[in-house]
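*Asks:* Mind having a look at this structure? Questions to follow.
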Ligand SMILES: Cc1ncc(COP(=O)(O)O)c(C=O)c1O
């Protein structure tokens with residue numbers, strides 16, 4: 001790619017048509033009565049906060065969810081007006097900023113409400129009560145805890161907007177634990193309803209639950225990994241409840257192609273040695289970009305053929321063994337499709353013993369993100385210089 005927006009030959013491409021497709025697939029699957037929170041925390045799982053948020057909303061998501069208040073404020077500052085829920089912990093002293101920007105916060109402790117209810121806000125603070133039904137992370141765990149907290153909400157500055165929980169095993173083959181969480185949620189929610197007979201937004205399903213068990217009582221689902229075209233687990237991928245399209249691909253170019261003699265070494269530690277004359281290509285991407293040292297031995301695509309990464313991955317570069325001489329500037333795909341060959345996010349995740357969620361999150365902010373619609377570039381965002389619409 002030749003452009004005036006970044007000056008290196010490695011970049012991420014985000015296919016926004018695929019984000020749209022994935023949202024529409026889920027919306028059709030869960031039906032019109034349920035809304036969708038597009039989960040865009042962690043820079044939209046490495047895909048780009050604002051671009052994904054806007055695409056998700058245009059495609060039919062009604063609201064957004066993030067982990068931290070900073071992320072919600074980033075969306076607001078970039079012109080996102082939709083409802084945003086912060087899923088994680090927010091300090092009580094930061095509640096006023098959330099209220100000012102119409103950002104809904106999660107609470108899960110009585111003492112947090114005590115600290116917040118005495119504050120004065122310009123607008124009522126929207127709150128969601130988090131129930132811990134088995135994730136063991138954040139949330140009220142018992143009816144007693146819930147009933148002790150509810151009276152503290154009885155001030156005009158606070159508005160209880162929703163109630164939710166999070167499932168730990170909705171992507172598993174064995175559903176016993178999931179069913180247990182679901183019935184615990186039903187029990188706690190019913191008990192809450194008795195003491196709090198006001199309308200509430202109820203939401204509990206993540207991607208796995210929303211794709212596999214759409215027919216439950218909740219009003220909204222929280223759709224994260226599926227929106228990016230990735231299945232939450234191998235089980236769900238095999239079940240294939242809906243079709244998804246991977247939005248993220250990773251690209252680079254050969255910046256130096258040379259032939260080494262037999263018994264010459266490549267990279268730090270000289271751990272790779274040629275056993276005959278070999279063509280070696282250098283890629284300008286390394287572990288500082290999130291292409292971590294464990295990627296050694298994995299493969300990349302050159303002209304649709306797989307070539308192995310040889311020698312240690314350096315901070316900013318790595319080397320591949322080529323089957324022949326290729327011109328400098330030849331495009332290489334590290335994740336995604338080239339000609340008819342495909343390297344999936346799942347394959348990369350398997351290689352480094354992790355889950356697909358972690359891989360796009362690992363790809364560093366310094367890596368430019370190129371956004372495409374109908375095959376055309378619509379935006380290039382580069383953390384090293386401000387994004388620009390084309
Ligand atoms: C509270 C909460 N809800 C929803 C999600 C989205 O989950 P998924 O990406 O599996 O759809 C997450 C992600 O970790 C989360 O922490």
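Using the three backbone atoms N, Cα and C, a Cβ is placed for every residue, glycine included.
Annotations per TrEMBL:
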ACT_SITE  41  active site, proton acceptor
MOD_RES   41  N6-(pyridoxal phosphate)lysine
BINDING   137, 315  substrate binding site
DOMAIN    247-372  domain 'Alanine racemase C-terminal'
ACT_SITE  268  active site, proton acceptor
*Asks:* So if I measure Cβ to Cβ from residue 41 (active site, proton acceptor) and keep only same-chain residues at least 6 apart in sequence, which ones fall under 8 Å?
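*Replies:* Result: 65, 66, 67, 68, 71, 87, 88, 224.
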*Asks:* With helix taken as DSSP H, G or I, strand as E or B and everything else coil, how many residues of the domain 'Alanine racemase C-terminal' (247-372) land in each class?
*Replies:* 21 helix, 51 strand, 54 coil
*Asks:* Give me the CA-CA distance between residue 137 (substrate binding site) and residue 268 (active site, proton acceptor), in Å, as a whole number.
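*Replies:* For residue 137 (substrate binding site) versus residue 268 (active site, proton acceptor), the Cα atoms are 41 Å apart.
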*Asks:* Could you give the Cα-Cα distance between residue 268 (active site, proton acceptor) and residue 315 (substrate binding site), in whole Å?
*Replies:* 11
*Asks:* What number of additional C-beta atoms lies within 10 angstroms of the C-beta atom of residue 268 (active site, proton acceptor)?
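*Replies:* For residue 268 (active site, proton acceptor), the count of other Cβ atoms within 10 Å is 12.
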*Asks:* Averaged over the domain 'Alanine racemase C-terminal' (247-372), what pLDDT does the predicted model reach?
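*Replies:* Average per-residue pLDDT within the domain 'Alanine racemase C-terminal' (247-372): 98.
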*Asks:* For residue 137 (substrate binding site), what is the secondary structure state per DSSP, taken as helix, strand or coil?
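*Replies:* It is coil.
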*Asks:* Count the other Cβ atoms sitting within 10 Å of the Cβ of residue 315 (substrate binding site), across every protein chain shown.
*Replies:* 11
*Asks:* If you draw a 10 Å sphere on the Cβ of residue 137 (substrate binding site), how many other Cβ atoms land inside?
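*Replies:* If we count other Cβ atoms within 10 Å of residue 137 (substrate binding site), we arrive at 11.
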